[in-house]
Structures are given as structure tokens and as C-alpha cells.
Amino acid sequence: MSTALVELGLICPQDRVEWVSDALMELEALSVTVEDADADSPDEQALFGEPGMPVPRAGWERSIVKALFPDEPSAQEAATLLLAQAWAHDLHVQGLVTVDEQDWVRITQAQFAPVPITEDFWIVPSWHDTPAQARTVMRLDPGLAFGTGTHPTTRMCLRWLARHGREDGRVLDYGCGSGILAIATGLLGAQQIDAVDIDPAAVTATTHNAQANGVALHVGLPELAQGQYQLVIANILATPLKLLAPLLCGHLAPGASLLLAGLLERQAEELAAVYAPWLALSVADQEDGWVLLSGRKT
Ligand SMILES: C[S@@+](CC[C@H](N)C(=O)[O-])C[C@H]1O[C@@H](n2cnc3c(N)ncnc32)[C@H](O)[C@@H]1O
């Protein structure tokens, strides 16, 4: 039997979105989402952020903050308490809508469709059937750690890995997030894979996702990475990648490949210069303003 939930919608100016979202969670909302109140109109605005970093602003000029409550009295009470705050004088209640719990799950899940990496390598959420043409499939659901396969930086790394094929030597995924890249190397045949991240939530997510895909990984905090590897992958951001250059290059065995992502086109030249004392990096792929750098240690 499915139960009904109640969604409270509030139109909110940009500078209050974070306060309102936090207050609604304090008022025991089950979830809070923020949408552009001007979506699908000429005033619609796109928000862009770098991977792994918060978006530059928490909301749009006019946002709709939607909070889900278990029933109408709790949604009504939350609205009354919120609107009693001095800083909430210009918020507008858009309304209360009853949402079937099953519908809510379906709507949320529908936002995450299978992602093709190549014609036959797909990332597929657990609730989706496997596309007929998929030969290699990674089962991955969105979670707390970065990496669902929808971001260009992750996709470019996955494409490169699919082209590279089976890696027989040791693999290091530095900044593994959800573990998506490490798991991909495992599905493509690698046997000795280390995946590390500074974020303990990423370590937990990677462990879980690797198990769900039947891939054996050594997962842990960065100190787990020891010795030399035949393939080192790091999809982080330009600034940490600059600082990590001696460490990442120290892990490269002779003849090993290095793959760097999380870089904007304009950062590629500078990054290649920082890594030049160890190896020559060149642009291997680009998508939506992001570039993938790769190189081989001689
Ligand atoms: C953009 S996400 C990439 C996740 C995944 N590898 C992918 O390609 O989708 C970057 C990850 O690097 C981690 N990270 C950031 N700085 C790091 C550092 N100095 N050492 C290790 N991990 C780091 C973050 O916690 C985050 O999980």
C-alpha cells in the first residue's frame, strides 16, 4: 500500500534559500529541494559549479524551495513557524500538494537514467533494466560521494579507460568519490586496484559500490596508496592536482600512464607545465569546457 506525503512549496529570494532550506530541515522536513522559479521561461538561469565543489550560489534569483512532510498538519505547522520569522516576510507559500510516495520515488529515480560511456559500456542505476546493447555494466546509484557518470570529467575518464582496455598492472584511483573509475577498471579486467579519498564518506561509498558490482578493491584514505602503479587516475581539481604532482608522479612505475581530470580548458597548459619535470601530458579528450590530460612515464 502506498502512503501520501505533503509537499510545501515556497517562493524564496536567492539570499534566503540556504536559511529557508536549513530551517525546513530543522522543522523536520523529510527532504528539501530547490528549483528555479523561472524554469522554462525566458528568465531561466543555469547554475554551474566545478566538480566536487559547491555551486557558486545556493539558489536562483527566484527559487522554489520544496519540502516534503509526512502529513498536512506538519507541513502547515512548518509554514506557519517559518513565516513568523522576521527574515521571512517576503517569502510566499506556493501551496501544499499531496504526493503519492510511490510517485515521489519514481520522479526522483527518473532523473537518473542509464549513462552510455561507449556503445557497449553503460552505468545503470539499480532500478533500471540493462540496455540491450550493454556488454559491460556498472550498477551505481546516486549517493553522497561524487561520481555517477553524468559529469563530463568522469565520463571522459571512463571513455579513456574503456579505450585503454584491460590493465594488467596495479591501478591507483586517487580521489575516488563513489569509486566509479576504480570499479570501471575492475569491470574492464584489472585485478590490483587501490582507491583512495580524503573524504571518509567517499571511502564508505566506494566500498559499498565495489561490492555491489562484485569488484575487489583496496579502499581507504590517501595513505593506503603505496609503491608504484601502472595506471594512476585523479579526477580532482586544478589546484589540488598541482599540489599533488610530486606525490602522484612518485607513484608512477616506468611506462605507467597518468590520467588527470577536473581541469578547465584554460588550466590545461599550466597543469602540463607543473607535471613536465616527470612526464609530458597532453589533451586526450575534451567536453563542455573540461579537458582530460594523459601522459606516459618514460
Ligand atoms: C570530482 S570528485 C571525483 C570522483 C570520481 N573519481 C569521479 O571521477 O567521478 C573528486 C574527489 O576527490 C577527493 N579529493 C579532493 N582532494 C583530495 C586529496 N587531496 N586527496 C585525495 N582525495 C581528494 C574528493 O573528496 C572527491 O571525492
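The backbone N, Cα and C atoms fix where each Cβ goes, and this holds for glycine too.
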**Further S-adenosyl-L-methionine ligand in TrEMBL, beside Gly175, Asp197, Asn235, within candidate set Thr148, Thr150, Thr154** = Thr154
**Asked** Once the DSSP letters are reduced so that anything not helix or strand counts as coil, what is Asp197 (S-adenosyl-L-methionine binding site)?
**Response** coil
**Message:** Would you identify which of the binding-site residues Thr154, Asn235 has the most other C-beta atoms lying within 10 angstroms of its C-beta?
**Reply:** Asn235
